[in-house]
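As written in Swiss-Prot, here are the features:
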- Glu177, Arg223, His447, Arg488: L-aspartate binding site (BINDING)
- Arg223, Asp224, Glu225, Gln232, Glu481, Gly533, Leu534, Asp535, Arg536: ATP binding site (BINDING)
- 201-204: region 'Aspartate' (REGION)
- His32: site 'Important for tRNA non-discrimination' (SITE)
- Gly84: site 'Important for tRNA non-discrimination' (SITE)
Amino acid sequence: MKYRTHRCNELTSNHIGENVQLAGWVHRYRNHGGVVFIDLRDRFGITQIVCREDEQPELHQRLDAVRSEWVLSVRGKVCPRLAGMENPNLATGHIEVEVASFEVLSKSQNLPFSIADDHINVNEELRLEYRYLDMRRGDIIEKLLCRHQVMLACRNFMDAQGFTEIVTPVLGKSTPEGARDYLVPSRIYPGKFYALPQSPQLFKQLLMVGGLDRYFQIATCFRDEDLRADRQPEFAQIDIEMSFGDTQDLLPIIEQLVATLFATQGIEIPLPLAKMTYQEAKDSYGTDKPDLRFDLKLKDCRDYAKRSSFSIFLDQLAHGGTIKGFCVPGGATMSRKQLDGYTEFVKRYGAMGLVWIKNQEGKVASNIAKFMDEEVFHELFAYFDAKDQDILLLIAAPESVANQSLDHLRRLIAKERELYSDNQYNFVWITDFPLFSLEDGKIVAEHHPFTAPLEEDIPLLETDPLAVRSSSYDLVLNGYEIASGSQRIHNPDLQSQIFTILKISPESIQEKFGFFIKALSFGTPPHLGIALGLDRLVMVLTAAESIREVIAFPKTQKASDLMMNAPSEIMSSQLKELSIKVAF
């Protein structure tokens with residue numbers, strides 16, 4: 001059976017007089033004095049269908065029984081709309097189809113929320129429960145189409161660059177040094193488990209050992225971790241690895257890839273992209289994920305703070321803390337209520353308070369005015385290049401607290417004062433991360449244990465491992481990390497040394513990574529790679545508030561699927577087959 005000759009966005013004045021067939025959902029229904037109007041909708045657009053009672057009474061009576069979201073196949077003739085009745089907002093707004101016959105393909109129950117009135121705010125949990133209906137509202141499908149265009153462009157680009165797409169296993173071995181694994185019990189081997197991949201990291205490195213040279217994959221990955229607006233338990237990444245290269249070879253390819261992906265949405269990205277070291281990012285922006293759409297750069301104020309009598313400044317200086325802040329142009333107009341609000345805001349991130357200093361026609365107004373000489377205030381204004389009506393905002397705290405507090409504060413103020421537009425795209429490579437960091441007093445890998453140290457820092461592995469920098473690189477866009485990668489360790493002895501520093505016992509190394517260490521010992525080429533977060537990339541491209549909006553069937557913030565009611569209990573017979581007993 002033929003359901004349509006045209007899509008619902010295709011008919012124009014050029015088709016007037018033609019007999020056509022359309023299929024779609026009843027978007028809106030109106031009966032105006034014996035004339036039935038139906039907006040018929042498919043994924044591509046809307047066409048107005050009309051039936052007049054005085055011309056076709058039986059057809060009119062049948063059509064009058066149709067309701068929202070019923071699925072119809074309609075035959076009829078394309079006619080011009082009456083003068084003054086055109087709709088310039090529709091591609092089909094100058095025509096309508098006079099119904100000759102129609103067939104109801106499917107009926108719909110009463111809807112849990114309106115499809116046609118997509119401006120109405122609907123509870124997100126209800127939208128996720130009825131995700132297939134939420135898709136019909138149009139916005140979700142537009143985002144999924146963007147995702148498709150990005151994936152298609154990625155595959156074409158990577159193929160042209162000589163990369164081979166390889167699908168790596170989903171059932172693998174648990175190596176829980178990173179986030180928690182999702183585990184899959186084995187029926188054939190009772191008491192043993194597979195793990196779903198947090199990334200194809202080991203497999204893609206083994207492909208380099210195997211001589212593939214250049215690999216990529218749009219990989220689905222799984223991490224059992226607490227969720228945020230930009231995290232899901234399962235997510236997609238553009239996974240890339242190449243042999244016989246370094247960052248000078250790989251990073252330009254990634255920049256061209258990013259420019260190609262953004263071009264699918266008509267966005268031009270100037271190349272090359274900016275670069276800054278991890279330490280520069282921390283010093284100037286308080287974070288390794290700086291949003292460069294606006295300035296508000298942080299500056300170290302310790303040399304000025306020590307010339308004050310402010311006890312909080314002096315206490316932080318005595319205990320190895322810092323005093324830093326930024327200048328807000330025109331911010332001297334901020335009220336005391338606003339400044340008190342910012343003070344409470346930074347306390348959420350561990351700061352004890354907020355120092356403010358206003359430059360008002362050359363005069364100083366500050367909540368620490370009595371603790372610092374006028375001359376020092378004016379030197380601070382010159383240091384920050386603060387003009388009349390600017391304000392300085394400073395925090396005294398341990399370095400990590402000051403950085404985190406000021407990072408969040410500068411983002412908040414930039415948003416409130418509209419210092420950037422949503423169609424700005426500011427990329428930056430962050431390089432030279434620490435190889436290790438401290439977590440609860442324990443040395444852990446900053447990225448993952450397969451990241452190579454910078455060659456000049458290798459001697460520090462034995463004397464000061466926390467000072468070792470890594471040959472790693474993150475790509476940050478508007479404050480979001482959208483890609484992360486590194487040069488890999490290809491020397492088995494160096495890899496074993498890294499595991500030892502991480503306090504992974506020889507027995508544990510052999511159990512979890514013995515196969516990998518063995519592979520490295522059979523002649524491994526120098527190699528490096530990167531993974532781009534596909535969900536985050538599309539989220540930015542579509543200005544979505546969450547990656548849930550760019551995934552067809554996402555989980556909630558609590559990692560549940562409200563539509564399928566997953567996770568769910570399973571039958572006792574299934575548990576028995578898997579030799580599993582559930583205890584709470």
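Any Cβ shown, glycine's included, is placed from N, Cα and C.
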**Request:** Run through the Cβ atoms and count how many others sit within 10 Å of the one on Arg223 (L-aspartate binding site).
**Result:** 20
**Complete:** Min neighbour Cβ count (10 Å) across recorded positions His32, Arg488 flags His32
**Message:** Please report the Cα separation of His447 (L-aspartate binding site) and Glu225 (ATP binding site) in Å, rounded to an integer.
**Reply:** 16
**Request:** Quick one: of the recorded positions Gly84, Glu225, Glu481, Arg488, Arg536, which has its CA closest to the CA of His32 (site 'Important for tRNA non-discrimination')?
**Result:** Gly84
**Asked** In the same chain, which residue numbers or ranges, 6 or more beyond the ends of the region 'Aspartate' (201-204), come under 8 angstroms Cβ to Cβ?
**Response** 168-169, 172, 175, 215, 217, 239, 241, 448, 450, 516, 529
**Request:** For the binding-site residues His447, Arg536, work out the Cβ neighbour count at 10 Å and name the residue with the minimum.
**Result:** His447
**Asked** Distance between Arg488 (L-aspartate binding site) and Arg536 (ATP binding site) at the Cα atoms, whole Å?
**Response** 24
**Prompt:** Across the region 'Aspartate' (201-204), what is the average pLDDT of the model, as a whole number?
**Reply:** 96
**Item:** Inter-residue Cα distance where the pair is Arg223 (L-aspartate binding site) and Gly84 (site 'Important for tRNA non-discrimination'), in Å
**Value:** 57
**Prompt:** Any idea of the Cα spread of the ATP site, Arg223, Asp224, Glu225, Gln232, Glu481, Gly533, Leu534, Asp535, Arg536, as a max distance in Å?
**Reply:** 19
